[in-house]
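Student: For reference, the structure I am asking about is given below.
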């Protein structure tokens, strides 16, 4: 945590919302949200649809004409505030909404890049973001735009003016809570989680009335905690002490820091849950449910419908928060309502999304050694020789046995979202090849202090690359193609009906690949690392591509030896928009 304090002191400017008036904007409806994966003029959800497949049906741009894709404009986030820019933008009626580091939100003319308005949150001293001062995006609904802030607040703004409509506390930032994800809109409710898993917080998913900001329900994800519905206690999550000893469940982690997906047909929202607290697993024997899990939740009342734990009794910070992407899979001549997730533990899971039944788990990174495999029920077959030792059993009682474990704690895949193409039936997974030395240390919970109980050094697995973009067939469980990158990959992925896959690199490139073969067909240098998720939309009869740029995130803060591969990369803060001119579209 000491690594980050030097830039937190810059926080504390007064909230500011200034800019130009916007023309009339049609309200974003429930139907707009549900149809976002099919429509082309707008992008109104994080993930290009509630299922977050990040697939666009636009096929104007293809490998034959992509050489004509050129920059249209670049918008600077301004000021001295830089750090990581991990936001996915939204577009509605010619206005682009993009969040920036330090809890900022901008409305920009999508044709010209002219700023319409901006909102700068009032961030107090002492905020505790674990992994840089990032924000991953906003949500649109009716006439408002919503986003969360690093001091654990949820803000609703007027889309036209950027003026605050309401501002609500998610939780107490002094206890370690924060918020970095893009909210999700489901049936008139705004769905959020919490960040702060390294500080002994308790993860939860909650729903608020999108008009008023008032809480409708809360669902803690750690066993023993009581849910809430309409202001009253509802049901307990699991059973107290069933998989947590003593009072460890009170500070059990499981932060829901990445946001969720939604299946409207099944009426289920899917959330991943983070690492248990503390990292030192010797202090909490048991499965520690529902940390490091995927949960299906009823959006009407917050009840858990099913849960699947990818790393029970996690001892490596393998988290479990990565997105669960619904898709339909052909198996034995039948269509299976499936969902997939590329877990930080290095396995690519496919589950039945109706009931959480385990279908398959396949390694997607090299040299996994914390587990010997996954059994027929989806449970890891642990290699206990590669679990960090209990410091209480060491000679000095201060440091347990150190082990080398693969993947490293930043994961086979971290936050950066995968994409799925129904055309190729492939998932595109931004992964990293690294391991770590890790050991356990004594720790006690203290409000607002890091609750790790572990030390670590992360190291690259190979000399020639760390980053690896892989195309994975969920039916055959095979890697179809792979692109290797020298530095870690930290950007999200976009795929299109034009047989293209887009992602960014820390070296400053936005790149495009042939979706079937993995051949690199285009790249553009934006001058700083790309760690955001690209989008695409149609405007004036042309296809546009957009991405935020600005190096940062967890790698330079936590990356140890692998951070050396990015040591010379400049920070930045901007949004780049590219277009394929009509005259070049047919070439």
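Cβ atoms are placed via backbone N, Cα and C, with glycine included.
A quick note: this is a predicted structure, and the numbers were derived from the prediction, not measured.
Under the heading active site, proton acceptor, Swiss-Prot lists 317. Sequence annotations record features per position, and here Swiss-Prot assigns pyrroloquinoline quinone binding site to 136, 180, 195, 196, 197, 257, 344, 490 based on similarity to another entry. Taken from Swiss-Prot, the feature La(3+) binding site applies to 198, 275, 317, 319, supported by similarity to another entry. Marked as compositional bias 'Basic and acidic residues' by Swiss-Prot: 379-399. The disulfide bond annotation in Swiss-Prot covers 130-131.
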Student: Cβ within 8 Å of the La(3+) site centroid (198, 275, 317, 319 excluded): which residues?
Tutor: 197, 253, 255, 274, 276, 279, 314, 318, 409
Student: Spatially speaking, which of the binding-site residues 195, 198, 275, 344 is closest to residue 317 (active site, proton acceptor)? Use C-alpha to C-alpha, please.
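Tutor: Given the candidates 195, 198, 275, 344, the nearest one is 275.
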Student: Determine, from DSSP, whether residue 198 (La(3+) binding site) sits in helix, strand or coil.
Tutor: helix
Student: Residue counts in helix (H, G, I), strand (E, B) and coil for the compositional bias 'Basic and acidic residues' (379-399), per DSSP?
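Tutor: Tallying H, G and I as helix, E and B as strand, the rest coil: 6 helix, 3 strand, 12 coil.
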Student: Which of the three DSSP-derived classes (helix, strand, coil) applies to residue 317 (active site, proton acceptor)?
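Tutor: The residue in question, residue 317 (active site, proton acceptor), is coil (DSSP, three-state).
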Student: What residue among the binding-site residues 136, 344 has the most other CB atoms lying within 10 A of its CB?
Tutor: 344
Student: Of 198, 317, 319, the recorded positions given in the record, which has the fewest other CB atoms within 10 A of its CB?
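Tutor: Selected from the recorded positions 198, 317, 319 on minimum Cβ neighbours within 10 Å: 198.
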Student: Using residue 196 (pyrroloquinoline quinone binding site) as the reference point, find which of the recorded positions 130, 131, 275, 319 has the shortest Cα-to-Cα distance to it.
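Tutor: Closest by Cα: 130.
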Student: Please work out the number of neighbouring Cβ atoms within 10 Å of the Cβ of residue 195 (pyrroloquinoline quinone binding site), leaving out its own Cβ.
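Tutor: Excluding its own Cβ, residue 195 (pyrroloquinoline quinone binding site) sees 30 Cβ atoms within 10 Å.
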Student: About how far apart, in whole Å, are the alpha carbons (Cα) of residue 198 (La(3+) binding site) and residue 490 (pyrroloquinoline quinone binding site)?
Tutor: 20
